[in-house]
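Peer 1: TrEMBL feature annotations, pasted as is:
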COMPBIAS  1-38  compositional bias 'Basic and acidic residues'
COMPBIAS  45-60  compositional bias 'Basic and acidic residues'
COMPBIAS  78-110  compositional bias 'Basic and acidic residues'
DOMAIN    4-135  domain 'Coiled-coil'
REGION    1-60  region 'Disordered'
REGION    78-138  region 'Disordered'
Amino acid sequence: MNIQLEKMKQNQECERRKRIAEEKHKEWVQKKREEERRERKRKLSKEMAEKATKELEKMQLQEKADVKYKEWLKKKRAEEAEKKKKEKEKEKEREAELQEKRTRSEKIFKEWLQNARNKPQPALNGYGFPNGKSTGLY
């Protein structure tokens, strides 16, 4: 009876140890899974943070590029406007010079015409040349 009781106690002890070992194993596995889950979560959040940072940097670079482009475009348009303004001024200057030249030419032409009317006509048959031909004697 004692032997059976002893065997029973041993079996119970063995069963208890097995149960404890299984429980500890289950706890360990659960802890490990929880740890792995936390690790994955941490990695994922880290990756998301890095991705957000990169996206933010990219957006900032894009904004900088947009600002620089807008400044360049504004400067270019101002230069073009200035160039057109100068061309218009040159064109006006040319027109003014041309107009002045025309008025001067007309004035000179009118003076010449006036002087030409007042000049005496040359004699057609002068200096012994009747009908414009030499007669042979002086």
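For all residues, glycine too, the Cβ spot is worked out from N, Cα and C.
Computed from a predicted structure; not experimentally measured.
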Peer 1: For the compositional bias 'Basic and acidic residues' (45-60), what are the same-chain contacts with Cβ under 8 Å, counting residues 6+ beyond its ends?
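Peer 2: Contacts of the compositional bias 'Basic and acidic residues' (45-60) (Cβ under 8 Å, skipping residues fewer than 6 from its ends): none.
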Peer 1: Can you break down the compositional bias 'Basic and acidic residues' (45-60) into helix, strand and coil residue counts using DSSP?
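Peer 2: Going by DSSP assignments, the compositional bias 'Basic and acidic residues' (45-60) contains 16 helix, 0 strand, 0 coil.
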Peer 1: Can you tell me the mean pLDDT for the domain 'Coiled-coil' (4-135)?
Peer 2: 91
